[in-house]
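The structure appears below as C-alpha cells.
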Amino acid sequence: MFSRFHALFLLLVLSVRTYKCVSSSSSSSSSFSFSSFSSSSSSQTLVLPLKTRITPTDHRPTDKLHFHHNVTLTVTLTVGTPPQNISMVIDTGSELSWLRCNRSSNPNPVNNFDPTRSSSYSPIPCSSPTCRTRTRDFLIPASCDSDKLCHATLSYADASSSEGNLAAEIFHFGNSTNDSNLIFGCMGSVSGSDPEEDTKTTGLLGMNRGSLSFISQMGFPKFSYCISGTDDFPGFLLLGDSNFTWLTPLNYTPLIRISTPLPYFDRVAYTVQLTGIKVNGKLLPIPKSVLVPDHTGAGQTMVDSGTQFTFLLGPVYTALRSHFLNRTNGILTVYEDPDFVFQGTMDLCYRISPVRIRSGILHRLPTVSLVFEGAEIAVSGQPLLYRVPHLTVGNDSVYCFTFGNSDLMGMEAYVIGHHHQQNMWIEFDLQRSRIGLAPVECDVSGQRLGIGS
C-alpha cells in the first residue's frame, strides 16, 4: 500500500511463529541471525508463510470515502522489554512503522503496545536529528508536542489516519538473539475505514525506501514475496537474498529515482516505468507521454503489495476498458447498473452464473499484460475478474474487471496491486535499485522452501 492507502477487506497474516531459515542453494533449516542481512553476501534468508482471513465488507462507516482497501499483510512479533506480542501490517508503500499505543492497567492489553510496561522504550525529542531531518519524506511534516516530543501524523486516501510520538524500541525477531532497536511511531490515535477491523491490528510495518522504514533501518539488501491467491497455501514473504538454483530467472525493471521533490511524486515508493499495455499480445494505442510522470510528478507507476487491485489514470483505463469490453462481447453479459461502481473505482462488471464459472468461461478471457522496461506482468483467467461479495442478480453473481480508474480516487498515479501479482516471484533489490519479476507457482516454491504442504 503506498503511503496514502490502508487495506482492510482480505487479511493475509504472516505467522512469525513458524520461522524458516534456508540457504541460497537448499531448503534445509538452519539457525538464523538477523545481522547476516546487513550484507548482500549473506547465504541465509528468512521465510514467513502467509495465512488468509476474510473480513466482512459491510462495516464501513458512511462518512468515509467510497474507496477502501482490501488486503493487508501482517506479521506477528514481540516488542519491548519484557516483550509484548503485537501484529503489524506490512506495507511496501509506507515509511514509518507504528504501533497502536495504550497505557493500560491490563497486564497484556489486546492489540495495543503499552510503553509504560517497557524499560527499553525511549521517546524521541523534537530537537533530535531524527525528528528534524529523517521525517522529511512524510506527507505531513513532523511537529513538536507540548512535551517537546516528536509528533507524527499519517493520513490515507480512505480517510484513515494515525498520530502519535516517534520513539525507539527493541523489536524481537523469532528466536534471534540479534534484536534491533528501531525508530517507530507510538500512536495514541488511530482512525480507519473499518473500526471493527482496526481493533484487530496493532500497527504497521513500513517497507518502502524511506530512511525510517523497517527495511532501511534493518539494512536488508533484498526482500521478496510470492502470493498464490489460494486458501490452501496463500504464499510467503522472504527477507534476504533469493539466489536459489531452482528459481526461474528473474526479469528486472529499474526503480525510478528523482532528485528534485515534486508535489505528486512519492520519492520513496517502489516506482517503475510502465511502457505499455497489451491485450492478447497486442499493444494498445496509448501515447507514451501519458505513461510518463509529468512536471508535477503525476503519473508515476508504483508496485504496491498493500493495494489489492490495479489502478490506471483515466485515459489509459478508458482505453483498456473499451478494448476489454469489445473482446468479451459475446462471452460475458455486462451488469447494467449505471449507479454501481465497485469500490468507487471499477465500473465494468458482468453477470455470470455458477454454471458458466464451472464450465471454465474465465479461461476464455483475453490476457492483459502490463509492460515495463525489461519485464512484464501478464494477467489472465480468474485474476481478471473479482466476485463482488453478497451481490447477486437472480442466479447470477456479479464479477468486476480488476482494473480501476485512478481518477475516481482523486489519485494522480498508476498502482500495480497484489491481485495482479499472484503466482509471481516479486523481488525488491534495494542494493541495485530494481524489481525482479518471474512467473512461478507459489505453492511449489513454498514446498521448496520447506513451508508448503
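Yeah, the Cβs are placed from backbone N, Cα and C, and that goes for glycine too.
Swiss-Prot records N-linked glycosylation site for one of ASN251, ASN326, namely ASN326. Separating the Cα atoms of ASP91 (active site) and ASP304 (active site) is a whole-number distance of 8 Å. Confidence for the domain 'Peptidase A1' (73-438), expressed as mean pLDDT, is 89. In the three-state DSSP scheme, ASP91 (active site) is classed as strand. When the Cα of ASN395 (N-linked glycosylation site) is compared against those of the recorded positions ASN85, ASN243, ASP304, ASN326, the shortest separation belongs to ASN326.
Reported as a whole number, the C-alpha separation between ASN85 (N-linked glycosylation site) and ASN243 (N-linked glycosylation site) equals 32 Å.
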